[in-house]
Amino acid sequence: MQTTNRKLVNSMEKQLKLDSFLTIDNVSKIYPTPKGPYTVLQNVNLTINQGEFICLIGHSGCGKSTLLNMVSGFAQPTGGSVNLKGKAITQPGPDRMVVFQNYALLPWLTVFDNVYLAVDTVYPQKIEAEKRAIVREHLALVGLTEAMEKKPTQISGGMKQRVSIARALAIRPEVLILDEPFGALDPITKEELQEELLKIWHENRCTVLMITHDIDEALFLADRLVMMTNGPAATIGEVMSIPFARPRDRERIMEDPQYYDLRNHALDFLYNRFAHDDVA
Amino acid sequence: MTTTVKLNKNGTKNNPVLAFWQKHKNDLIPPLVGVIGFLLLWEMTSHLPGMRLPGPSSLFTDERTRILLLYPFYDRGGLDKGLFWQTMASLGRVAQGYSLAAIVGISVGILVGTQPFLDKALDPIFQFLRMVAPLAWVPIALVALQQNHPAAIFVIFITSVWPILINTTEGVKQIPQDYINVQKVLQLSKTKFFFKILLPSALPYIFTGLRIGIGLAWLAIIAAEIVMSGIVGIGFFIWDAYQQNYISEIILAVIYIGAIGLILDRAIAYLQKLIAPGQ
């Protein structure tokens, strides 16, 4: 009787995982090194619903990027699996578009052509006018209509990041992956882009996975904040739900007393419970 | 008094040569001083007792050389042609050998750069062969091809192909990981990857190779022609003049060679600016 129950529970759990949108199932990542195997990640479990906005936070070297690389398909887990809609992720693809840390724009193509390359590749069946319209629409969305014919070398870092976001959104990915997208930007540009990203996400409702180092950024953007323990053999230490109603207003949530509870909780996690050796 | 000052001012403004001189004075004076100083020193050295090398003034004082200097376009048939025609003959050979080197160097370079196995297999051979001096190839080329013209083309080809090939390979291998990631995540087709990422990314390297290559090609043709007797060309012209002890003619030909080399280098640099601006 007990065994049948256990079996039932197991199969139900399995079914639940298959039904979920994106599951990270007991994932570990071990790199072979000359000094023996090095475990970056261990026992990582996370289930993400469709349309959720997830932020990842943790000290550098804790394997955040490695985890996201396994979702984007640039890296494969050593153990466990990452599944999107029940199918294991084995390679990168445009359904999981990445906004790269250093923008990864092609410097010989104009802003327009950088986005067009993506749209043209993902929608080969569409006619050219349609594809050009998609590019224009998404560049307008991030406020770059004026800079369409410029080369990436002629625009600022904030604008480059906008192009990178426009390129990612133009191909309607199911999952949008951002690796510390605003880290290199000045605070004003950063806030502007956060708001734009949130606005666009409201309209598209794609699932977002974003690495950040900024607790305030995470509190403003995310539905849930995933906090990682330190490496080696890092794992998810805690997942914090951020309950603020949407659409969010930066000033309003900062007046909310809950904001400081959450913020202190996250700070405590990062700087007391899992303080980095060189921080302290 | 006041009128002269005014005229002077107007003169400076309206005369483009003077205006240019005023603007670039500081950039033009040092090289002019350098060149004139060099020529003076040379001229003085040539008057030292026992010195057989004539000074730069011999370009004008020696009658045969003066004719060559003033009439570059004359053509009395056979090998007796003006320096313009001699240069053009050499340039024609360079154009053929170098074009071949560019086509082979770039295409093999791309192939080798994209195939790690080929790269590892062929790199030692390339590194070895590129060390062989142009002159050493001449006897091999003459034996293998038996005729002056194809042998000359081959010597130019084999001298200039290595920097083009090796730089192209390096350029392809050095494509930044970011661009490779873009290819992977968008799942770009092979053709699109080639034209939108590989080629533009490797282009600066390819042009570096092409620029080194054109310089070597021009060096090689002179060397090749000196050894291959009885052809129209600036290299053989020098050899011929040496045999007949017309030293000032050699000096004139050397000036031609230097100038053409400079022009070729700048032409490739200009081409790079045209094709791959700002990279």
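Glycine is treated like the rest: Cβ placed from N, Cα and C.
Curation plays no part in TrEMBL annotations; they are all automatic predictions.
Residues annotated as domain 'ABC transmembrane type-1' in TrEMBL: B:87-268. Per TrEMBL, the feature transmembrane segment maps to B:28-45, B:95-113, B:125-145, B:151-172, B:193-210, B:216-239, B:246-264.
Note: the stretches the transmembrane segment (B:216-239) and the transmembrane segment (B:125-145) are in contact (3+ CB pairs below 8 A, sequence gap of 6 or more). Beyond the ends of the transmembrane segment (B:125-145), by six or more residues, the same chain brings 151-152, 154-155, 158-159, 162-163, 165-166, 216, 219-220, 223-224, 227-228 to within a C-beta distance below 8 angstroms of the stretch. Within the chain, the transmembrane segment (B:151-172) has long-range Cβ neighbours (under 8 A, six or more residues past its boundaries) at 93-94, 96-98, 100-102, 104-106, 108-110, 112-114, 119, 126-127, 129-130, 132, 134, 137-138, 141-142, 144-145, 198, 201-206, 208-210, 212-214, 216-217, 219-221, 223-225, 228, 231.
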